[in-house]
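S.K.: The domain 'ABC transmembrane type-1' annotation in TrEMBL covers 36-319. The annotation domain 'ABC transporter' is assigned in TrEMBL to 353-588. The transmembrane segment annotation in TrEMBL covers 35-59, 71-93, 152-170, 176-195, 259-282, 288-305.
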Ligand code: GTP
Ligand code: MG
């Protein structure tokens, strides 16, 4: 089915309403005509079925007894054939339409979810488990699909079959008509009771399903840790416990279903028996013909069937609604506005930064940064040094507005950072993350990831050379076209970092942030990178976070951080003169290095 771009781009934020049924109705936007078509086809099919029984009655009453025949027998036979063709053909058409429509709606939902999740802020991803998100985007979305494939169209089918066949029976015989629906209220009441119970059981089941998905996902991602600590047995037992719980909840859900079916079956069976008994008595008393009785026997099944299925439908809808609610929880989250901001600078930033009494606190935690004040001119190199957890990464994360500072302000080229659109900042600022992530694509694709255009091979290689990774890449079997990750080469930590540096360099950002980017390379390679970076750092403001004093000695400004505060500042020359952490670290590091050198000399 071809779906227009307009339908595909419908903003699903609209489906967030207090009433989930309204939300589901809005989900159908752009697809409602398809549903009408499916329902109309059903109507034709159901009418053909009903007419078949009426024709049966005509046939039995006229052709089993002697006397004149209203029409020749082959015409009656042809009638049966035509009705069967209509019934089957339109039923097929309806099924096809509704299945395609459900797929269309689900496709749009999946696309939207993916897009939406890409736009959710850092803080949301920090607090949400990946497994949980995966489960909602797969299992829950599938339950929503089933709702649109089966239940949404099922309502139409049930109402149509019920009304058409009820009217048909009433016209055969009014008494029979009213008798056939006495149990309707009972069936509806039973369904309503089960609706709530199944909802609850299903919700609990899906929750546990998410727990299991998270366990699985974490174990696959962290398989090395598990092996390194030889914790397989523990993990297996944990998985078994989670799985056992899922089994328990699944069993409860199945029990709810299995209680419901016999209950509604007994009611419907009783209904049919009473109907047949009354009908048979009426034939004996000559109140109706045998043909009428046979037609009734056929038709009444198609009244009972919708009643039974109304129950099934109500109960299944409850699962659809629960899953829809779980998906809504993602859609409800606010996106991070990328283009909001009242300054739209033309061209590039200069890169002058002023921090004025900046403080920061994570939503769910204590103060991480306090009273950070410093400034740097365009093109300067600022180095951050400090113990682990002192807030270095948090500080640099403020620059591309992954988070906004909660106190004070940051001025970029003289304008408050919060007035810049995030998209613009992120184009202008390049970060080499502390733990860089590479996609399972080729090395070339990874390096060009940030630029979003075709890049000539020379440029890619220049970036790779600057990051001191070119020589390693050409030793790989397919060079720059080697796949990274599971299906290709496994890069070492240092190689990964260097590919990430190349990726950021190619983006040519005005502000460059290197968060501990040379931590997993040896001193020699680090010197190589530093030299190459030296050229690249020209004319751009650079932030370097490092643990080795060697890497930051040339910085224009060194900030020493401790517990979220700047405790010392200055150039290397100034800082070694002062009493303080900096000198201590420097002395320790030079002593260790001197000792190492001596040992190497002795060994050789
Ligand atoms: P290293 O990278 O280990 O050298 O540390 P760092 O200086 O980069 O520390 P970072 O800025 O990552 O963290 C500073 C403090 O913030 C630590 O106490 C963390 O526990 C805390 N923190 C970091 N991220 C989050 C977060 O997403 N939520 C909350 N509540 N706290 C966080
Ligand atoms: Mg850090």
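Numbering starts at 1 and runs along the chain as displayed.
Glycine residues also receive a Cβ, built from the backbone N, Cα and C atoms like all the rest.
Neighbours and distances for these, please.
M.R.: Outside the transmembrane segment (35-59) by six or more residues, the chain places 28, 76, 79-80, 83-84, 86-91, 93-95, 97-98, 101, 152-153, 156-157, 160-161, 164-165, 168, 172, 289, 291-292, 294-295, 298-299, 302 with a CB less than 8 A from a CB of the stretch.
Same-chain neighbours of the transmembrane segment (152-170): 24, 28, 35, 38-39, 42-43, 46-47, 50, 53-54, 94, 98, 102, 176-178, 180-181, 296, 299-300, 302-303, 305-307, 309-310, 313, counting only residues six or more beyond its ends whose CB sits under 8 Å from a CB of the stretch.
For the transmembrane segment (259-282), same-chain residues at least 6 beyond its ends with a Cβ under 8 Å from one of its own Cβ atoms are 173, 175-176, 179-180, 182-183, 186-187, 190-191, 194, 198, 288, 293, 296-297, 300-301, 304, 307-308, 311, 315.
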S.K.: On the 0 to 100 scale, where does the mean pLDDT of the domain 'ABC transporter' (353-588) fall?
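M.R.: When the pLDDT values over the domain 'ABC transporter' (353-588) are averaged, the result is 88.
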